[in-house]
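J.: According to TrEMBL, the feature active site maps to H510, D558, E567. The domain 'Glycoside hydrolase family 9' annotation in TrEMBL covers 109-580. According to TrEMBL, the region 'Disordered' annotation covers 1-24. Sequence annotations record features per position, and here TrEMBL assigns transmembrane segment to 71-93.
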Amino acid sequence: MYGRDPWGGPLEINTADSATDDDRSRNLQDLDRAALSRPLDETQQSWLLGPGEQKKKKYVDLGCIIVSRKIFVWTVGTLLVSGFLAGLITLIVKTVPRHHHPHPPPDNYTLALHKALMFFNAQRSGKLPKHNNVSWRGNSCTQDGDDSSLFKDLSGGYYDAGDAIKFNFPASFAMTMLSWSVIEYSAKYEAAGELNHVKDIIKWGSDYFLKTFNHTADSIGTIAMQVGVGDTSGGNTSPNDHYCWMRPEDIDYVRPVITCSSCSDLAAEMAAALASASIVFKDNKAYSQKLVHGARTLFKFARDQRGRYSGGNSEASIFYNSTSYWDEFVWGGAWLYYATGNSSYLQLSTTPGIAKHAGAFWGGPDYGVLSWDNKLAGAQVLLSRLRLFLSPGYPYEEILRTFHNQTSIVMCSYLPFFTKFNRTRGGLIQLNHGRPQPLQYVVNAAFLATLYSDYLEAADTPGWYCGPNFYSTDVLRDFAKTQIDYILGKNPRKMSYIVGFGNHYPKHVHHRGASIPKNKIKYNCKGGWKWRDTKKPNPNTVVGAMVAGPDKHDGFHDVRTNYNYTEPTLAGNAGLVAALVALSGEKTSGIDKNTIFSAVPPMFPTPPPPPAPWKP
């Protein structure tokens with residue numbers, strides 16, 4: 001595949017499938033890739049040799065020894081006495097009652113994690129699995145895509161927020177964040193008993209994305225980017241997902257399918273979602289390869305047919321306007337490199353021109369803020385990981401060092417010692433500068449801070465510098481804890497912003513399914529307005545939903561009609577889950593250092609070119 005880099009030259013992506021290379025590289029998953037990147041001394045080399053390859057040790061043949069009868073009798077007696085004493089000691093040890101120390105109760109982060117994952121069950125569209133475990137939800141919108149000439153079956157996936165629209169852009173970011181958290185912290189998910197649950201959530205999303213384009217093709221021209229509409233501007237009163245207030249199970253109006261043929265940001269983000277999911281499901285070889293192939297196809301489409309997905313679409317520009325696609329090129333390219341080991345993707349992600357257009361070389365008020373719109377901060381952390389553990393060297397070192405340095409600066413900006421971002425009196429960092437719906441940005445920052453702290457710990461690095469001052473990794477973890485603790489209820493209102501966690505949480509969540517009772521009565525488009533406008537609490541609890549959050553004065557209005565306070569989103573909850581699992585359990589468990597490198601072949605840095613000859 002050929003694209004154009006920002007300087008106008010051709011940039012080749014080698015997307016040829018190579019099952020042999022994939023199999024060979026995935027078999028390296030159990031080796032410590034960080035260790036392989038350094039020379040091994042003689043002792044370390046011997047560890048890697050098989051039994052037949054190790055040097056045979058020389059043994060001295062002592063021959064036969066003649067022992068006298070007295071010594072023999074004394075030896076036998078001694079052995080009998082020793083055996084009797086050993087048996088007696090064993091009997092005493094077995095009969096003494098043991099004190100079993102019970103496991104400590106789960107911490108708040110683990111308890112909140114259980115609930116936060118349940119939100120995704122409540123957001124499922126289509127025919128629900130039997131184990132969905134949300135009593136007030138049922139099958140819904142199973143006819144999505146039936147009226148489309150290109151996509152016949154678009155059932156499934158997730159509803160975005162308190163409505164029933166399916167937006168691929170924020171949904172794919174949410175799945176990427178969940179996959180990233182599983183790749184890094186699968187042991188913590190396992191300890192919490194949630195690993196299978198979160199993988200099931202990711203697969204539900206990935207299966208839906210595969211329906212929204214021709215995933216078996218090598219090249220495509222169209223993606224289904226959205227199902228359902230919500231534009232009510234200009235007095236539009238036709239039934240749609242915002243004008244109507246209905247349970248998803250009762251929707252009977254037409255839900256249009258919106259497609260795009262020039263949407264680089266969306267396609268590259270979807271590629272990131274499928275590529276990261278392929279690492280999560282690497283043990284399911286057939287499914288993982290299907291995801292990788294789909295990711296490659298999407299990324300080629302993103303590079304070939306340039307444009308912002310919201311550029312010519314009013315729906316997207318109203319609800320999820322994308323400001324650029326360059327950050328998705330860096331982000332998607334990085335994930336495809338980890339998923340395939342194909343260095344062409346790493347070359348693209350580290351192209352200075354692309355990084356420049358993504359905003360990597362200058363600041364700005366939103367620099368360092370990871371969100372569904374801007375993935376630059378996440379991409380820089382993701383690629384700093386490569387430098388910390390594999391040290392690929394030339395020709396990547398210069399740009400990776402830049403990303404690493406900028407990640408350090410971003411981490412500094414999160415700390416209370418610096419003034420890049422204000423804080424409320426209660427201590428909530430204002431990453432969106434006092435604008436509404438702050439929590440989705442806070443949880444992403446808490447995840448990045450904890451993850452980067454764990455990266456440094458795994459690299460035996462005790463901290464990092466902010467100017468002349470050195471800060472330990474504990475400072476980053478403390479920042480993350482204070483922010484998540486605020487969300488869990490340690491704030492001036494003593495309010496938990498996660499529904500169902502604690503005793504005091506929002507009861508009037510902006511959510512159609514939760515606000516209308518499941519009483520065998522079908523409320524039509526306007527018939528549900530009375531449930532929207534009532535001051536009574538929601539009859540159904542949407543467990544685990546993180547609402548939009550308080551204002552810049554720590555104020556919060558638990559009002560259903562004010563979505564700026566009470567509406568949850570997929571993207572917000574994905575960041576919450578990632579932050580919670582990173583903080584849960586014992587700090588010493590850390591990250592899984594090697595799984596993300598499963599498909600990456602051993603790196604032998606190319607030496608830099610010799611300097612040009614000196615001319616007088």
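Using N, Cα and C of the backbone, Cβ positions are placed for all residues, glycine too.
Have a look at these and tell me how they're positioned relative to everything else.
T.: Counting only residues at least six positions away in the same chain, the Cβ atoms of A161, G162, V547, R560, T561, N562, Y563, T566, E567, P568 sit under 8 Å from the Cβ of H510 (active site).
Cβ environment of D558 (active site): P506, K507, H508, Y565, T566 lie under 8 Å away, each six or more residues apart in the same chain.
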J.: Tell me the Cβ neighbour count for E567 (active site), meaning other Cβ atoms within 10 Å of its Cβ, over all protein chains shown.
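T.: Other Cβ atoms found within 10 Å: 21.
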J.: Quick one: average pLDDT across the domain 'Glycoside hydrolase family 9' (109-580), no decimals.
T.: 96
